[in-house]
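Report on one structure; see the data block that follows.
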Amino acid sequence: MAEWLLSASWQRRAKAMTAAAGSAGRAAVPLLLCALLAPGGAYVLDDSDGLGREFDGIGAVSGGGATSRLLVNYPEPYRSQILDYLFKPNFGASLHILKVEIGGDGQTTDGTEPSHMHYALDENYFRGYEWWLMKEAKKRNPNITLIGLPWSFPGWLGKGFDWPYVNLQLTAYYVVTWIVGAKRYHDLDIDYIGIWNERSYNANYIKILRKMLNYQGLQRVKIIASDNLWESISASMLLDAELFKVVDVIGAHYPGTHSAKDAKLTGKKLWSSEDFSTLNSDMGAGCWGRILNQNYINGYMTSTIAWNLVASYYEQLPYGRCGLMTAQEPWSGHYVVESPVWVSAHTTQFTQPGWYYLKTVGHLEKGGSYVALTDGLGNLTIIIETMSHKHSKCIRPFLPYFNVSQQFATFVLKGSFSEIPELQVWYTKLGKTSERFLFKQLDSLWLLDSDGSFTLSLHEDELFTLTTLTTGRKGSYPLPPKSQPFPSTYKDDFNVDYPFFSEAPNFADQTGVFEYFTNIEDPGEHHFTLRQVLNQRPITWAADASNTISIIGDYNWTNLTIKCDVYIETPDTGGVFIAGRVNKGGILIRSARGIFFWIFANGSYRVTGDLAGWIIYALGRVEVTAKKWYTLTLTIKGHFTSGMLNDKSLWTDIPVNFPKNGWAAIGTHSFEFAQFDNFLVEATR
């Protein structure tokens with residue numbers, strides 16, 4: 001057994017770490033200098049034979065869709081605090097990459113994001129919130145990498161087809177205008193552009209996109225393809241020299257830490273360009289910690305990008321709380337810095353794009369993995385994870401069983417790292433509250449007399465970072481306000497002369513796009529309104545409804561009264577609705593149930609139990625035409641509903657048994673222009 005070295009200083013460190021462990025019961029968090037106390041694996045970290053692949057960074061996706069919707073109207077200082085936890089270097093997640101949806105007006109998981117070109121002759125580079133988010137990220141980290149990717153496309157590009165490749169030049173033009181607009185209007189340099197999220201790629205389109213980028217002087221913008229599976233795009237690149245030349249990065253989604261043979265044969269950069277998508281509990285954190293290491297070890301992926309950045313959408317929408325952190329209550333200011341933020345920090349705070357992986361990375365003998373990266377200037381960062389199968393399952397793909405057990409692991413630094421005198425140590429333990437630590441700095445590890453080796457005692461569900469960098473920090477702010485339900489009384493008159501964002505607070509568009517509108521034809525009460533602005537179905541990514549709809553409020557609302565002024569713009573065929581107890585949204589919006597109160601320009605009304613209009617509770621004639629304002633009131637109490645038009649009762653006490661609760665909503669009968677004003681909801685759970 002090797003002699004104890006620096007025993008006095010080690011004893012002091014052991015006492016400190018035992019105290020830090022507290023009720024965890026571990027007799028000192030497990031750093032043993034050259035103490036081979038038990039059999040275990042030995043792992044050499046060496047750059048003598050060169051380095052591995054270049055590291056491109058860790059990031060997250062905003063969009064795909066509307067995942068940051070509720071973030072924008074958080075009050076200060078909480079909004080800035082959330083952004084700091086995500087983007088500020090050496091503070092929280094400290095992300096290297098921000099990938100955003102190029103809004104295309106379609107439903108793309110949890111809502112729609114507006115296009116910068118709703119129509120062929122329409123250009124507006126201030127819609128939505130992704131521009132704002134990219135600028136906020138750049139404020140905090142000027143070196144952050146920016147990526148744009150379309151999910152859906154505005155309908156005019158399809159010329160009557162649900163397909164973006166009808167006119168390749170036109171679609172390329174549309175995408176390039178977004179990149180040019182980002183620079184012209186926001187001084188944002190987009191670094192990478194994608195093709196069509198998780199849908200078909202077109203090789204000729206990719207080539208045309210490259211030519212158009214070059215023509216616009218955007219040679220620096222690189223192309224990622226195809227944000228889907230490895231196989232097809234990799235095989236196409238191997239068979240098509242021109243396609244091979246224009247694709248810079250092969251990006252795959254949810255690869256399960258493995259890449260395809262053809263992808264590796266290309267020699268191109270390989271990215272997990274969307275991954276994670278898991279509830280941000282400690283299991284989600286375990287998933288994230290495992291794949292951040294093993295995506296490179298198993299699949300040579302040099303970047304991993306989480307969907308999604310921050311869970312800022314109503315939690316009952318699909319994939320609730322599948323963000324690195326949670327910020328879904330702008331009305332209260334409450335947010336939660338979830339454990340995936342600190343798992344991210346183990347890598348992001350101690351590496352940068354442009355560093356290189358060592359060739360000597362791999363799996364631990366008794367489960368877990370290790371990677372090491374260097375900047376080539378003497379700095380070294382080692383990340384070790386021992387995430388158990390039970391606590392590291394991602395939402396997909398299926399994870400084959402593996403075992404992780406307690407072990408001793410000896411690491412030997414060789415090559416240019418053999419003379420490193422000291423390593424900073426950061427530690428995370430996931431699991432029971434009594435044993436849990438998140439990104440805790442331990443005493444540094446001295447290597448002066450150890451021949452560059454050290455031994456760790458590793459248990460399951462742990463994460464270690466050992467690094468020469470001294471800049472790491474666990475940032476913090478005072479606790480945000482306590483969680484509160486959505487206000488039971490909520491009103492909005494939309495009287496905003498110069499709105500900072502194009503969408504009204506808390507409304508979450510699920511099909512169609514609802515924007516602030518200045519009604520120049522009405523200088524009076526309805527001068528400022530909320531308008532549904534799409535008159536054509538977009539090129540869809542999901543199963544958008546046939547009707548447009550925007551939801552708002554508390555999913556647990558049971559008894560409520562909704563009142564809203566409405567204005568149908570389309571004669572004869574136009575129609576609008578208000579609704580309560582809407583029980584579905586996102587990619588499930590077509591099958592939403594609820595109580596929907598419709599009026600139509602043809603002089604009729606209808607009460608339905610679903611958005612599609614198949615379940616009819618009541619219908620009749622009413623004095624309604626287009627181009628005139630009306631006030632609708634819908635009251636739902638217990639098992640009964642009543643409705644009024646301009647304060648005149650249309651029906652009373654119609655029995656409704658399902659659903660029991662849900663959001664409030666507004667919308668239109670089809671993709672048509674319509675306006676809404678003086679929205680009011682009064683509700684109880």
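Including glycine, each Cβ sits where the backbone N, Cα and C put it.
Among the features that Swiss-Prot reports, signal peptide is placed at 1-42, with the record citing experimental evidence.
Its Cβ placed at the centre, TRP151 (substrate binding site) has 28 other Cβ atoms within 10 Å. Feature annotation from Swiss-Prot assigns substrate binding site to THR109, TRP151, ASN197, ARG396; the stated evidence is similarity to another entry.
The active site, proton donor/acceptor feature in Swiss-Prot is assigned to GLU198; the stated evidence is similarity to another entry. All protein chains considered, the CB of GLU198 (active site, proton donor/acceptor) has 15 other CB atoms within 10 Å.
Annotated active site, nucleophile per Swiss-Prot: GLU274, in sequence order. With a cut-off of 8 Å between CB atoms and residues at least 6 apart in sequence, the same chain places VAL61, GLY64, ASN197, ASP227, GLY251, HIS253, TYR254, ILE305, ALA306, TRP307 near GLU274 (active site, nucleophile), listed in sequence order. Secondary structure at GLU274 (active site, nucleophile), as computed by DSSP, is strand.
Here Swiss-Prot flags CYS287-CYS394 as disulfide bond, drawing on similarity to another entry. For CYS394 (disulfide bond), other Cβ atoms within 10 Å of its Cβ number 21. Under the DSSP three-state reduction, CYS394 (disulfide bond) is assigned to coil, being neither helix nor strand.
Comparing C-alpha positions, CYS287 (disulfide bond) sits nearest to ARG396 among the recorded positions THR109, TRP151, GLU198, ARG396. Taking Cβ-Cβ distances under 8 Å and a sequence gap of 6 or more within the same chain, the neighbours of ARG396 (substrate binding site) are TYR254, GLY256, SER277.
Mapped onto three states, the DSSP output places CYS287 (disulfide bond) in helix. The secondary structure of ASN197 (substrate binding site), as reduced to three states from DSSP, is coil rather than helix or strand. Note on proximity: of the recorded positions THR109, TRP151, CYS394, the one nearest GLU198 (active site, proton donor/acceptor) is TRP151, by Cα distance. Counting in whole angstrom, CYS394 (disulfide bond) lies 23 from TRP151 (substrate binding site) by their C-alpha atoms.
Each of the binding-site residues THR109, ASN197 was scored by the other Cβ atoms within 10 Å of its Cβ; the lowest score goes to THR109.
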